[in-house]
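What Swiss-Prot annotates here:
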- R69, G74, A75, V76, Y77, K131: ATP binding site (BINDING)
- K131: (R)-lipoate binding site (BINDING)
- 27-214: domain 'BPL/LPL catalytic' (DOMAIN)
Amino acid sequence: MKFISNNNITDPTLNLAMEEYVLKNLPAEESYFLFYINRPSIIVGKNQNTIEEVNQTYIDAHNIDVVRRISGGGAVYHDTGNLNFSFITDDDGNSFHNFQKFTEPIVQALQSLGVNAELTGRNDIQVGQAKISGNAMVKVKNRMFSHGTLMLNSDLDEVQNALKVNPAKIKSKGIKSVRKRVANIQEFLNDPLEIEEFKKIILKTIFGETEVEEYKLTDEDWENIEKLSNDKYRTWAWNYGRNPKYNFEREEKFEKGFVQIKFDVKRGKIEHAKIFGDFFGVGDVTDLENALVGCLHDFEHIEEALSEYDLYHYFGDIDRHELIRLMS
């Protein structure tokens, strides 16, 4: 097994692109291990409905990235207090779905620090009832990776805020995340532990006393990783557009009237829109409903679709920004 450095990159779109690139393009006769740390971001499972997993208003206000990964499972929050690890190897027939095989050295490293960690259920590492690590896998032909999070010292308030869904009724066939009590590993340590030291302890558990052999990515590798990031992980189509069909319902009682929004959304675009309420406006809201059909379901695109319409004409004295926020 060889170790791959990510050059301390914290851009989640690059780190996920690097992981996929290594899986699909590096020499298959080798196995690889890598770490990466992301700036504040939500990493959504491959089969999830992104809008159902995130508090979009909050993450927009706090510049939190949302990126879809190629493995299944639920949405997770990453920040610089969270260490991600990934084993990339062949599926020998006994590896895919075998979370114990890949989490065992991680659990051993934690136990060496006095943390009473164990693999529980299908894919979580816990201390008692508290989850400190979630794991997921993906397989491409005969190659696979098993990757996971290690919450050393994450901002737990942000974990709750960023993953709290907006107060909308969204019904879809996406895979919903299961929320558990989460905790930082630091809570179970007697002394502070820096992430760089944590990395060394894990590497020693995996490689033993032998020198850690490193596989260095070339300039060409990094160019290809950047291209994959641009073409896939930085696109709305990948991160949001893969959403299954869903029904969006939201309502709010403003000082000047009640407004209810109902959208049918498919692959991120509004297919059908209805607006109800007891507001006092002159215009026929059918104009707005028609303007919204085909629009991407997010604040920016709804704002653009309605840019030529005077919403006061339709809703009376209700704030334009608040109306568009309600729709998104």
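Here the Cβ of each residue, glycine as well, is placed from N, Cα and C on the backbone.
Since this is a predicted model, take the numbers as computed values, not measurements.
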Span of R69, G74, A75, V76, Y77, K131 around ATP - largest C-alpha separation, Å: 21
Return the residues near Y77 (ATP binding site) by Cβ distance under 8 Å, restricted to its own chain and a separation of at least 6 in sequence. P40, S41, I42, I43, S154, E158, V159, A162, L163
Just to be sure I understand the packing, how many Cβ atoms besides its own are within 10 Å of the Cβ of R69 (ATP binding site)? 22
K131 (ATP binding site), Cβ-centred 10 Å count of other Cβ atoms over all protein chains shown, is 20
Which of the listed binding-site residues (G74, A75, V76) has the least company, meaning the fewest other Cβ atoms within 10 Å of its Cβ? G74
